[in-house]
Amino acid sequence: MLLVLLILAASCRSALPREPTIQCGSETGPSPEWMVQHTLTPGDLRDLQVELVKTSVAAEEFSILMNISWILRADASIRLLKATKICVSGKNNMNSYSCVRCNYTEAFQSQTRPSGGKWTFSYVGFPVELSTLYLISAHNIPNANMNEDSPSLSVNFTSPGCLNHVMKYKKQCTEAGSLWDPDITACKKNEKMVEVNFTTNPLGNRYTILIQRDTTLGFSRVLENKLMRTSVAIPVTEESEGAVVQLTPYLHTCGNDCIRREGTVVLCSETSAPIPPDDNRRMLGGWLPLFLVLLVAVWVLAAGIYLTWRQGRSTKTSFPISTMLLPLIKVLVVYPSEICFHHTVCRFTDFLQNYCRSEVILEKWQKKKIAEMGPVQWLTTQKQAADKVVFLLPSDVPTLCDSACGHNEGSARENSQDLFPLAFNLFCSDFSSQTHLHKYLVVYLGGADLKGDYNALSVCPQYHLMKDATAFHTELLKATQSMSVKKRSQACHDSCSPL
């Protein structure tokens, strides 16, 4: 039996062709392929996008880099593609220019991924400076021959300043006070006075406050070297409602070049005047009936709580398990791209969350983490954190959701990254170990059976929903072996019901 499992594990590794990945490195000057005459060359890219990402380089210090992603055009010339070269030029006080070459580890055997999606890759690099215009251009290799038009794709990208939610973590910005939140409030006390409140910065000891419209209406300096809420009254020369309050800090790290913050002057809320004695008596007479009604309501509520408590004590011995709060079970769900996410995966997720108290992990909900960690690292981390891994397989019978999900370009199904083949290849080595095999479950939607490249999953426990719903729930609750989990298993078994 062990020999059969080993053969199955070995066969599942070679069942699917290896998908190309990228290996990137710096390349200065023309690519070597440019010096060679080519009969045929690959076409240009289909799409090129740029966004900012924050990466940690030391304790409380971050580097801001470009996350450049591109989509390959789905045509026959993709079989000739060897690499993609990306060049970035920046224009500011100092011009910059650098290039990277990303080689594809495998030759492309198809115009699209085996799952049906377009080939998409991304590279994180190229440090980003503040308020700089960048030109990002990319072309495929081998590129066009000399004296021929070279297909390429370019985009412009202007990096924001220190108040951007990503750029504010850049060291230059943090030293200028980008992470400081002064929480400025300003209100018009009267025609001649504005009250400004703000939280000081412990790195500074001096602040300048300007109240401006078309001209400066008021001015004040504040000296404070401790973290505290400060209030200052500033005389103004004319109407101040709607005027701009500009707060300039002078911090040790940035001196006279710190980030200025702004607020707006609004009307101060009116304070209540003392109520005359006659009005006090009148108000007391109006509130007395309401007070009596509230007193009766509180008494009724207390009596109800007492009766409920007594009834709970009398039934506690008869139904001890039903009152237990079941701990959550972490379940990683992987599914092929042909499954309709909204009609099938979401309903299956609701089934796990609502009836068996499961904490569900889906790649659809963690795209940002996948982009930061990479799909292999993300799958490995989630497998270790999960109590169970569920392979969700579709039915052979077409459902109505197919028309709703759609296969047209730009649909959610096309844009979603298919991690099912990668998860299958990554986890299938566990199928030969009885120690790890208990962690994996196969769930069919309808009457389908395993076929094709995923026959290695046949060694895992298999369930058809909703026919095997009860057995599926029981298997889920075997994540731990403690006595409390056995009690929870019975409670979940009694409370679970079909979708």
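Keep in mind that glycine also has a Cβ here, set from the backbone N, Cα and C atoms.
According to Swiss-Prot:
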SIGNAL    1-17  signal peptide
CARBOHYD  ASN67  N-linked glycosylation site
CARBOHYD  ASN103  N-linked glycosylation site
CARBOHYD  ASN156  N-linked glycosylation site
CARBOHYD  ASN197  N-linked glycosylation site
TOPO_DOM  308-499  topological domain 'Cytoplasmic'
DOMAIN    328-474  domain 'SEFIR'
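Taking the features listed in Swiss-Prot, we show where each one sits on the structure.
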residue : record                      : Cβ contacts under 8 Å, 6 or more apart
ASN67   : N-linked glycosylation site : VAL50, GLU51, LEU52, VAL53, SER122, TYR123, VAL124, ALA371
ASN103  : N-linked glycosylation site : ILE22, GLN23, CYS24, LYS82, ALA83
ASN156  : N-linked glycosylation site : LEU133, TYR134, LEU135, ILE136
ASN197  : N-linked glycosylation site : ILE184, THR185, ALA186, ARG229, THR230, SER231, VAL232
Three-class DSSP secondary structure - ASN67 (N-linked glycosylation site): strand
Mean of the pLDDT scores, which run from 0 to 100, over the topological domain 'Cytoplasmic' (308-499): 72
